[in-house]
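Worksheet for the structure shown next.
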Amino acid sequence: ADWKYAFEESLTDVQGVYATKFKEAVEANSDHTITLFPYGSLGESADIMEQTQAGLLQFVNQSPGFTGALIPEAQVFFVPYLLPTDQDHLGRFFKNSKAINEDFVGLYANQGLELLSMYPEGEVAMTTKSPVKSCADLDEVKFRVMTNPLLVESYKAFGATPTPLPWGEVYGGLQTNIIQGQENPTFFLFSTKIYEVTDHITYAGHNNFTTALMANKQFYDGLSAEEQKVVQDAAASAFDYIVGYQKSLADSELDKIKEAKPAMTITVLSDEERACFKNAAAEVEAKFIEMTGEGGKAILDQMKADLDATRD
Amino acid sequence: MKSDDPNSTDQHQMNGFLGVLDTAVSRVESFMLAFGVLLMAANTVINVVGRFVFQHSLFFSEELNRILIILITFAGISYAARQGRHIRMSAIFDMMPARIRKVMMILIACVTSLAMFALCIFAIRYITSVAASGRVLPALAIPVFWIFLWVPVGFFMTGVQYALTAVKNIFDKDIYLSTQVLEGYEDDEFEV
Amino acid sequence: MALTIFLIMVVLLLLGFPMMIPLLAATFTGFMMLFGDIGKTDFMVQQIMAGIRPASLIAVPMFILAADIMTRGQSAGRLIDMVMKFVGHVKGGLAVSTATACTLFGAVSGSTQATVVAVGSPLRPRMLKAGYKDSFVLALIINASDIAFLIPPSIGMIIYGVISSTSIAELFIAGIGPGLLLLVLFSAYSMIYATVKGVPTEPKASWGERLAAVRRAVWPLGFPLIIVGGIYGGVFSPTEAAAVCVLYAVFLEFVVFRSLKWPEMYTIAKSTGLITAVVFILVGAGASFSWVISFAQVPQQILASIGITEMGPHGVLAVISIAFFIGCMFVDPIVVILILVPIFAPVVKSVGLDPVLVGTIITLQVAIGSATPPFGCDIFTAIAIFKRPYIDVIRGIFPFTVILLCVSAALIFFPQIALFLRDLAFR
Ligand code: NA
Ligand code: NA
């Protein structure tokens, strides 16, 4: 059969590369084919999610930032300084974590979704119009965030004025100074040209962008054991590929930004400079538990345990 | 645009209980339209003022506007149906003799009415599934399905308008674009 | 399948159904053919809602509201009087002013529908009074509004840039050349039209009269200040500028000029809501239709069948132009960009075309598409706002479409029209 797979980025971005690898693996090991639908071709993130839940699509890639409206616990990925920026550690974590591979699988199943894989898209960088060395530098900066309550809380705690704005308005908003900052993984800064309208890139190590591939559960449960294995293997091989791929991606895309805009300053904050961001993180963590209750706390604790267990 | 006289009398209005009901519905719809537009303007202006004077955006401003645009669109489609203002390509229609135009108008009104009722049902089903998913608006933290409640109502009321138009065309000797508007593009917006 | 739903749409359209019906019926047929399950048609509603979701659409009712207040009051009249004192004696002067006003307003507001309303509603009565035929006036307003797509900031270019990973800054600069070329050509056509049709001119105003007119227009000149200064100055987003214009219009007409009474605000708001609804339901139905087309991979199939991979650069550019032109005939331009750009991306890369040139050509096609029958947002807006039948609104469009198509062809063979400024700034 021809399976439909929608995701939130372009074909050449991380989600697109992952999707292409997944498609290749499935088509090589079965008679099934996969049609890929990149960003916007079937609607926005919430739309493709609903289409997958209803079985119009078989696979959807959605970042937990958007899933938060459906599964509050998924907002845990926005607790600052929870995930490490060390990509090897992250790779081991996603592969072996009980929180990811058991707890979240259950939470997604409640929504009619089979969670196939969670994978990292790279460290989140802040891009701004004036340099950022500490939280004080974010004072009165209107900082664009995704419409996600925990992200709003984070940037409030960092001292900025969080401004939720749909992605389509971010470039124009930066250009016309409605907002003065936004955050995204490095490759996205280059591919979406956001670097053209900001002057400073800052790495505070506060987060690593996570995304997830899932299937319609009814569809998945209806597959033969053999077909399920093909799907699982494809997700696993795409995961392995993407972890290696995106490790060097941040550096290569950063080089492209430097080449296109030599005046761009790139700052990696020192531990002292990160202190105020880390202090703010505790506040956000408390807020997360307040918003998600016992279930949220359990996931958070499990993730911390899993992260410790996968440290080397 | 012509200036509308709020007191103009309306010779095409329906009679009897249905007429009273229709007038009442029309008043509610027009209130929703005006209220929605004015609230949208106020919300956006207050957000600008908040940003400059108090350094704070209204966290729900964008979501409120999204709710209002749905309200305006779906209160508006049935109001527009009553006013005969929906956009159509009438070039061929207008060239036909009156008798054929009459038949075509009845057909158009019937089919459109059915389509609107069907969409009303689709909308109810869609809302039910959104409600079941438990999705909430990120900023306002209210369930998403609430903002769609006007959608089936708007489709239903539009369906009713076109059904009444079909009836009117069957029993009346003139050709009507809507229950209140004769065909032709004179400036004939009726006020209630 | 593509043929079936296309036929259903065209037949219902020609029979004179309200235009949402051909779109929705075609979409419904598509759903049934794809899924064979009426249970899936819920997603028609999802996509209608998705179509009216973009935050940038909010600017449309806001500008309609502001324009309606200005037009019913005195602001619009005073602004136009001022312009007329300067250009009224020139053949076609008013038409050229209208075209320029559309270009400027559209460029800044970012919304062609808002431009049709905001510039069209005050200027159309004045042009009619001056002796221009309505068919010409409507066509001029609709087409000149679309130049906005090419002049920064342009939503279409931003979306193209984001999904094709092309420099948006370069796209913006590249759009200016073709945008201005169009304005010049439209102006030239207007002057020729006014001369051939013998549109009368006003006597030349003295500098005293001009000064008096400027004085009368001092308050209303705040509008361009809010819009141009506010948006380019980074104070407001276009939507916010629109809302601030509403506030300023209320202040002028109800407080300063006292030309309107408060109960009229209700009527104006209701009329704004009505126009918004009839246009937005079509935007929504169009989004629903395009979902079916995209899901069924119709564009991919058509492109595969014409063998685009064997064509040279000029051939590819021609196919892209035609594809976007046709796409925009049926659905909203932004949706067309979202669906078609990824499909063409590999071909563009393999023949080595400059993505900035491609983006400019696509944006031009999108501009043409919104003003060209059968489906075009600007046409719908003009019908809704001016209460003219469809056929009247499109009657005068042909000469403008010819000019637009000539510029498209010129852009393919003389890319320097677009790239000259870009190279000057970036290379
Ligand atoms: Na523009
Ligand atoms: Na069109």
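The backbone N, Cα and C atoms fix where each Cβ goes, and this holds for glycine too.
It should be emphasised that the depicted structure is a prediction, and the values quoted were computed from it without experimental measurement.
Features reported for this protein in TrEMBL:
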type: DOMAIN; residues: C:6-417; note: domain 'TRAP C4-dicarboxylate transport system permease DctM subunit'
type: TRANSMEM; residues: C:50-70; note: transmembrane segment
type: TRANSMEM; residues: C:136-160; note: transmembrane segment
type: TRANSMEM; residues: C:172-196; note: transmembrane segment
type: TRANSMEM; residues: C:217-235; note: transmembrane segment
type: TRANSMEM; residues: C:241-260; note: transmembrane segment
type: TRANSMEM; residues: C:272-296; note: transmembrane segment
type: TRANSMEM; residues: C:316-344; note: transmembrane segment
type: TRANSMEM; residues: C:356-385; note: transmembrane segment
type: TRANSMEM; residues: C:397-421; note: transmembrane segment
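The stretches the transmembrane segment (C:50-70) and the transmembrane segment (C:272-296) meet in space: the count of Cβ pairs below 8 angstroms, excluding pairs fewer than 6 apart in sequence, reaches at least three. Packing against the transmembrane segment (C:272-296) from elsewhere in the chain are residues 1-2, 5, 9, 19-20, 23-24, 26-27, 30-31, 34, 43-44, 47-52, 57, 60-61, 64-65, 68, 113, 117, 330-332, 335-336, 339, 375, 377, 380-381, 384-385: each is 6 or more residues past its ends and has a CB under 8 Å from a CB in it.
The transmembrane segment (C:172-196) makes contact with the transmembrane segment (C:136-160): 3 or more of their CB pairs lie within 8 A, with pairs spaced 6 or more apart in sequence.
Across C:136-160, C:356-385, C:397-421, stretch C:356-385 shows the highest tally of CB pairs under 8 A with the transmembrane segment (C:316-344).
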